[in-house]
Amino acid sequence: EGFSSVKFFLSLYRFQACVYFASVFQAMSCGIHYLASVFMAVTPNFVCGFPGNVSSVLFHNSSASSIEDIWTLWTSTENYIVVQLENGEIWELDQCSRSRREVSLDLAYEYEGNKSVFPCSDGFLYDDTKWKSTVVTQWDLVCDREWLAKLIQPTFMLGVLIGAVIFGDIADRLGRQRVIWFTSAGQFVFGIAVAFTFDYYSFVIVRFLLAMVSSGYLVVAFVYVTEFVGIKARTWASMHVHAFFAMGIMIVALVGFLVRTWWVYQIFLTIATIPFVLCCWMLPETPFWLLSEERYEDAQKVIDTMARWNKVSTPCKVSELCSVQQDDLASGRTGDNDTSSTKKHNILDLFCNWQIARRTITVWLIWFTGSLGYYVFSLSSVSLGGNEYLNLFLIGAVELPCYVIACLAMDKLGRRNTLIPFLILSALICVLIMFIPQDFNILIILANMAGKFSIGVAFGLIYLYTAELYPTIVRSLAVGSGSMMCRVGSVVAPFCVYLRSVWIFMPLLLVGIMALLSGILTIMLPETLGKPLTNTLVEATEMGRNKKSCSEKTPPAHSDAVLEKIEMFGQERVSADK
């Protein structure tokens, strides 16, 4: 396992290594922002405020001089606190209401006399033993405003959904480089802005924008690193993006443990993006996208730069590989009136014929199932208990071996042959959990973690598999639309868990059915292991052994040998250059 990781890093040349690690470093910030609300929007214990100064506090049989001393005894939201004010009034403080006892003789916890009920017009008192401040305590998002707190993460995920589609499409139209520049700067600007929002609504809006750029970066980064590394390193390169995302989750746990004020916590998390923001402008455009846009001269410049960095004395020539005349290169093909070079691609291109349409439907279903299963298994594991910061840290850490196993299996068995058994295994684990007695808690937890591990392998694999199944001209759009289906799954997952009230195993049944269906449909997808990336929809269709071409005029297709040589450039040295 360790040898394979070392082999991957050694397979990257200096230029590709710098580009790769710069790109995946920023993926940590995506993991950070995705999970930041776990501690930022915590709702601590709370009760209604009281009008005046307190002289004594009573909670069951325990008395204290301040409410802060009572929080350690608080065990249920149905509890209430009795306080006596300096003016002699005795109040019962519930979470969303307060009552004043009409007869205030002796301070006792139980009282059967008349009480006057009042709303919490004096605000709320919060338990600050864990968190000094959260967005919930900042804007009193409790009781009749509790629904606003519950909207924080769904609105963020809505931004993730929209950002995946928008920036995936923009990256195919304007290039990967510009999107990476914009989304990287956007993560830093919006991340800092979140900490200085002045009310709940501005907070949600800025986080929505932060979600869009974070999602946009993650989608385009997968495509970017896939197009820069060669075939031999493509599997490990794409999967290690997930590993850096998981490291971002671990950073959230660490910062959450050290910083207990939400806006300071947000600033510290955002600072992680500074190094990349300062150097992201140096990242070049990918030769694949430049060639798809027939910008051969610019593609040659990037290849020449790669040659200088990698100390390759005989760089490949685009004019030779693509059979393009040198005078066409010099003029940038300005005289070419082929409308295909200016064709704007959209999501309908993912359904241009039956072969591509069937592939798209299957891929979307896998994205949806992976996200749905991942979050259903995650929500089922919250009963583990223990330290919440350590639990989140381990949740991030457990993903690292998951991706290593996925890489090893993908390289040995292939993408499709790895995806199918892990999807079916997830379905079988769902069935297995249904037959485990409810009092076997440890066994149930282990089975849930096994289900999460298996669906995690499929969830991580589908990013790379999607990028390899589609051509350059719609690759970002394909990954972006798949990510959109993934976010739909993450939104549906909580509602799926609510079905436990109908039948305790209903969520597992739904995940099992979806995983089994996805596994069966995956059999019809083509294998992409060891194959060069396609550049046109015609080539992508032929990869599925369907000779029916898309009804469009496409640019001259580059042969597999051409694409493979461009992919492998800088990955294999000539003996004289060693």
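Placed from the backbone N, Cα and C atoms, the Cβ positions cover glycine too.
Straight from TrEMBL, the features:
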DOMAIN    72-530  domain 'Major facilitator superfamily (MFS) profile'
TRANSMEM  12-36  transmembrane segment
TRANSMEM  147-167  transmembrane segment
TRANSMEM  179-198  transmembrane segment
TRANSMEM  204-225  transmembrane segment
TRANSMEM  237-257  transmembrane segment
TRANSMEM  263-283  transmembrane segment
TRANSMEM  361-377  transmembrane segment
TRANSMEM  389-410  transmembrane segment
TRANSMEM  417-436  transmembrane segment
TRANSMEM  442-465  transmembrane segment
TRANSMEM  477-497  transmembrane segment
TRANSMEM  503-525  transmembrane segment
(Q) Between the transmembrane segment (147-167) and the transmembrane segment (204-225), are there three or more CB pairs that fall under 8 A, provided the residues in each pair are separated by 6 or more in sequence? (A) yes
Q) Do the transmembrane segment (179-198) and the transmembrane segment (263-283) share at least 3 Cβ pairs under 8 Å, sequence separation 6 or more? A) yes
Q: Could you name the stretch, out of 12-36, 417-436, 442-465, with the greatest number of CB pairs under 8 A to the transmembrane segment (361-377)?
A: 442-465
Q | Leading contact stretch, 12-36, 237-257, 263-283, 442-465 vs the transmembrane segment (389-410) - CB distance under 8 Å | A | 237-257
Q: Determine which residues of the chain contact the transmembrane segment (503-525) at the Cβ level, with the cut-off under 8 Å and only residues 6 or more beyond its ends counted.
A: 358-359, 361-363, 365-366, 368-369, 372-373, 376-377, 380, 416, 419-421, 423-424, 426-428, 430-431, 433-434, 455, 458, 465, 469, 496-497
Q) Any chance the transmembrane segment (417-436) and the transmembrane segment (442-465) have 3 or more Cβ pairs under 8 A, given the pairs are 6 or more apart in sequence? A) yes
**Q.** Selected stretch (most C-beta pairs under 8 A with the transmembrane segment (237-257)) from 12-36, 263-283, 442-465, 477-497
**A.** 12-36
